[in-house]
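The structure appears below as structure tokens.
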Amino acid sequence: MSEKKKLSLTSRIVIGMVAGIILGTIIRYVAGDNAWVSLYLTNGLFDVVGQIFITSLKMLVVPLVFVSLVVGTCSLSDPSKLGRLGGKAVGMYMVTTAIAITFAIGSAILVQPGSGIERASDASFEPSEAPSVSEVIVNLFPDNPINAMAEGNMLQIIVFALLFGISMALVGKPGERLKGFFDDLNSVIMKLVVILMNLAPYGVFALMAKLFTEIGVEMIGSLAKYFLLVLFVLLAHGLIVYPLFMRVLARVKPGIFMRKMRDAQLFGFSTASSNATMPITLETVTRRLGVSNSVGSFTVPLGATINMDGTAIMQGVATVFIAQVYGLDLGVAEYLMVIMTATLASVGTAGVPGVGLIMLAMVLQQVGLPVEGIGLIIGVDRLLDMTRTAVNVTGDAMVSCVVARSEGDFDEDVYYDNDAGKKLEEL
Ligand code: ASP
């Protein structure tokens, strides 16, 4: 008997996503006020399944980052390579973010998304306190690594894992013995990632079904110009700028990169969190794109924490938009300030849903724009958050490939092999 051809994981996730969007939209317009539907479906089944899905992804992040980074670092032949790697990755992350935000500001100045918009009198937003640059730097170092793990403080976990891995490499025999243990642990955690990936279609379905009972296209309303402009710049950055980097700096055919990144992008889109998507990004980068584990295990968590090009794009457009709505003029110096602040701000912020708006408060304050302006765009932010997270995740993977290529840690055979990593993805 011929076996039925199994749909690819990507297709199954897309089906789950589309079905969820359709069902959520139907519920919103047909059964929005039905108490039974709201109690048992929207806030019952969909909510429970969606929450469990996101929570299980997050559950993997801390053990995965720590273990894979220790494995990656302790097998580095030359620990000084780490400094070079770190420098390159941070440099690339900053440069791509600065490019993204410059592109966004330029487009917004051209399109003028804020012209003709009435300032809503009820716009309100309470900014939270942003940390200073020196605090951000000191906070890289954990005083208690267990605490850092308990809090999910990614940068502190990265620093501890690097120091731990380097010591393992330097100590000789005990380090080698421990490496076997960490290798095994890494395989087990990766298996767990694969199991979760295979459950993703259901999780994504539930997340979308719940979300789309809450948001509808009519919410975009007068913000259509702003919304579409952010979307356009996000897509252009993801579909033109990244492939260009892949072609020029990683020196590979970019179409393959975009195809292999689809799963991670779908995860990013449906969870709106680069952090929660990190296990999938890491799996894609190391097993499917050909980046060595020692580079990927370092650059991916670092990127998920400090690299947010999509977020910077939203911030660029939003700053110009808010200035226009409030009738305030920004000069070149202020725009440069926006580029600098947004680029630096992204370093100190975690990849969780909605965090881009908090960072925007910092940027607005820096150039003297009213922070309440954020209240104007909050209503359409969720959909943009989802899209920009997909861009953020793609940026992390792109930089990982470029850095790996420059270090000679990039396996082209894996990159060009369509089936690379597929076997491991099967349960
Ligand atoms: N949700 C985004 C992320 O996790 C951050 C943001 O822009 O709010 O990458």
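Every residue, even glycine, has its Cβ placed from backbone N, Cα and C.
For 12-31, 51-77, 89-111, 154-171, 192-212, 224-245, the entry in TrEMBL reads transmembrane segment.
By the Cβ criterion (distance under 8 Å, sequence gap of 6 or more), the transmembrane segment (154-171) is counted as touching the transmembrane segment (51-77), at least 3 such pairs being found.
For the transmembrane segment (12-31), the partner stretch with the most Cβ pairs below 8 Å, chosen from 51-77, 89-111, 192-212, 224-245, is 192-212. Residues of the same chain lying 6 or more positions beyond the ends of the transmembrane segment (192-212) and with a Cβ under 8 Å from any Cβ of it are 9, 12-13, 15-17, 19-21, 23-25, 27-28, 41-43, 45-50, 52-54, 56-57, 60, 64, 263, 266-267, 270-271, 279-280, 282-283, 382, 424-427.
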